[in-house]
Amino acid sequence: MLIGGAQNRLYQLRTSNILGLLRTRSALRVGSKVELRCPYNNWTNLGRSHFSSTSIPPTFKSKTFGREKGLLAHNINVKRLSSTVSKSKLPNEDTAHNASEKNSKKTDTKAVNISELKILKDLFKYIWPRGNTKVKVRVLLALALLIGAKVLNVQVPFFFKQIIDGMNVDWSDATVALPAALGLTIMCYGLARFGAVLFGELRNAIFARVAQNAIRNVSLQTFEHLMKLDLGWHLSRQTGGLTRAMDRGTKGISYVLSAMVFHIIPITFEISVVCGILTYQFGASFAGITFTTMLLYSIFTIRTTAWRTRFRKEANKADNKGASVALDSLINFEAVKYFNNESYLANKYHNSLIKYRDSQVKVAQSLAFLNSGQSLIFTTALTGMMYMGCTGVIGGDLTVGDLVLINQLVFQLSVPLNFLGSVYRELKQSLIDMESLFKLRKNQVKIQNCSQPKSISKSDGPFEIKFENVTFGYDGQRKILKNASFTIPAGMKTAIAGPSGSGKSTVLKLVFRFYDPEEGRVLVNGVDVREYDIDQLRKAIGVVPQDTPLFNDTIWENVKFGRIEASDEEITRVIDKAQLSDLIAKLPQGSSTIVGERGLMISGGEKQRLAIARVLLKDADIMFFDEATSALDTHTEQSLLRTIRRNFNSGEKTSVYIAHRLRTIADADKIIVLEEGTVREEGTHQELLARENSLYKELWRIQEDLDLLEDEINHEKETLEKLNKSI
């Protein structure tokens, strides 16, 4: 009963305070219900998570609602109210990227139409790089070995013909011995076969380094290009599909290079040589059949493969979708478990697999049709040539050895022809895979240095940040900041407060140059941030975000990520300053403990301390704390705030605190309150509380009242527990 009474007072106080805000906010009536526009988009943003240990009644009635401002609502559902408020038409920066995704994808589609010829041309730059003599020598040597292997390979049927013709004697006569010339021909036959294989393997070994270097360079340059793309581009992409596209693209490069050097060029050379030999040895009729066969075979293969290409594209699309679903599910494993949505995601993944299966079945069926057609064309030609050869032997124009030579030459073409079909097929598929990779490289880098960027260094600090009439929106339509102007003083602690979606976190993104403003300027020490060198600007800014991004590596390596070149002594020092030493001492593996993917193996407070250690190591002159303590309990929050004050409140650094919890910023030298993308008010904590109609004052009163009631509830809980124990 004690706790229940406190809870009811908590609900009533929350209700009355919300109604106080309604005096300065709008209320939208929808039917017999009322949608409330509140400065915060959900209940927890009005204070701490007050209902974490208490249950919220599904509905509550209050006559106060009916009397206040003529509102006619008699029964307001808390969940509906929370949902309604969160859907209020405030510029929501958390969801602003959804609209930009469509625009981004449209832009990408227009910008990255790449032909297969263009892909091969771009790839050739890596096979024949300018100024790299070693690679060029390897390529030329590989081509020489290729030609040598094919010349020896064509000689094999001639040696075999001579052996057959040389055997055309009466071996029943005991006086007949194996001629020395025939023995030499047999040896040459064996050497030619072995030489062709040896030259081919040497070619493979020599060209392997060229191919792998090309793959390495393309992959590295693609990765570096992706790292340069703006934040909006990355937020509009699914990581699983992106990594799968890169993986398939690099494999496609490997196949294209091997196909070009090991198959297409050798096959073309061998077909030309065989046609020439047949024309010279046996007349134009044999060469004509051979040439016609090659032509029909190639046309059929190319047209059928072009028809099959769309099935491969469908399979790739389904594969990307499945990979994205799987990766998202694994990354958000906890959320999946919290909401018991394993079956939903399994079904979603299953649907992607079904689409992939159907596409792959079509690929296999069309492959069977292609192989059958190729075999029909080749077998028909071979049968016709054998008939002509047999007719020539019977007529005395050809020897048995000539018939064997024709058969060997044509059969020798069957292997490269079969390869030609599969190579062209795989080449087309690899080019499709490579197209996705090369498309990534064609995306425009929007945030770039100007022609003559200015440097920024510690000697220029402390830094003043100034926004001059800044307007910005993530999708170009809904504006998050609207003609906003304010100054963050140098070397002081400045806080930015306001409702969700008012543009608080956008301030950080614009200063850091994740984005550039549509209108106005962002100045650091009087210089537009667009005039600074991007790398130097970002080195001067340290960020402790609400959800610290950690790598699946050790604590030591995650801290070291703040400044890779830092010494062990420096890393140890910042670990001590961030009060991580006690945690590390308790761990069996100490600082070598793996934190898990995204830091899931350590608590929220420990993650934030690790983030503080990381930015301490970076030693930036401008510090942003973006809701750094909002996800922590009160005790951990206060402990972390003491650590932050101890390390960052000197006059040497400019500190900016973005916060919903106003208690955490009450000691700030300046507080800037944003509302709907504009500056509502600014001043110190005491100055803002002293003002009439102050938004900050209203928010402060609500949070303070809720904090007091939370303390009362906790006290009543403790009292009840003591009573239970005494009983």
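Glycine is treated like the rest: Cβ placed from N, Cα and C.
Sequence annotations record features per position, and here Swiss-Prot assigns glutathione binding site to Arg308, Thr309, Arg310, Phe311, Arg312, Asn371, Ser372, Gly373, Gln374, Gly421. Arg308 (glutathione binding site) counts 19 other C-beta atoms within 10 Å of its own C-beta, drawing on all protein chains shown.
Residues or ranges marked as domain 'ABC transmembrane type-1' by Swiss-Prot: 139-429.
Under the heading domain 'ABC transporter', Swiss-Prot lists 465-701, citing sequence analysis as support.
Taken from Swiss-Prot, the feature region 'Disordered' applies to 87-107.
Per-residue confidence over the topological domain 'Mitochondrial matrix' (26-138) averages out at a pLDDT of 46. For 26-138 (among others), the entry in Swiss-Prot reads topological domain 'Mitochondrial matrix', with the evidence type similarity to another entry.
Residues annotated as topological domain 'Mitochondrial matrix' in Swiss-Prot: 208-256 (among others).
If you look up Swiss-Prot, you'll see 303-368 (among others) marked as topological domain 'Mitochondrial matrix'.
What Swiss-Prot records for 425-727 (among others) is topological domain 'Mitochondrial matrix'.
The transit peptide annotation in Swiss-Prot covers 1-25 and is backed by sequence analysis.
Per Swiss-Prot, transmembrane segment is recorded for 139-160 (among others), and the stated evidence type is sequence analysis.
Residues or ranges marked as transmembrane segment in Swiss-Prot: 184-207 (among others).
Residues or ranges marked as transmembrane segment in Swiss-Prot: 257-280 (among others). Away from its own ends, the transmembrane segment (257-280) comes close to residues 123, 127, 142-143, 146-147, 149-151, 153-154, 203-204, 207, 210-211, 214-215, 286-287, 290-291, 294, 406, 409-410, 412-413, 416-417, 419-420, 423, 426-427, 430 of its chain (Cβ-Cβ under 8 Å, at least six residues beyond either end).
Annotation comment: Swiss-Prot describes 282-302 (among others) as transmembrane segment, evidence class sequence analysis.
Residues or ranges marked as transmembrane segment by Swiss-Prot on the basis of sequence analysis: 369-387 (among others). Under 8 Å from some Cβ of the transmembrane segment (369-387) lie the Cβ atoms of residues 286, 289-290, 292-293, 296-297, 300-301, 304-305, 308, 403, 406-407, 410-411, 414, 417-418, 421, 425, all in the same chain and six or more residues away from its ends.
The transmembrane segment annotation in Swiss-Prot covers 403-424 (among others) and is backed by sequence analysis. Here the transmembrane segment (403-424) has long-range neighbours at 153-154, 156-158, 160-161, 164, 259, 263-264, 266-267, 270-271, 274, 277-278, 281-282, 286, 290, 294, 297-298, 301-302, 305, 370-371, 374, 378, 381-382, 385-386, 389-390, 392-393, meaning same-chain residues at least 6 beyond its ends whose C-beta is under 8 angstroms from one of its own.
For the binding-site residues shown (Arg310, Arg312), fewest C-beta neighbours within 10 angstroms: Arg310. Below 8 angstroms of C-beta separation, residues 138-139, 141-142, 145-146, 148-150, 152-153, 155-156, 159-160, 162-163, 166, 257, 261-262 of the same chain, each at least six residues beyond the ends of the transmembrane segment (184-207), sit close to that stretch. Its Cβ taken as reference, Ser372 (glutathione binding site) is surrounded by 10 other Cβ atoms within 10 Å in the chains shown.
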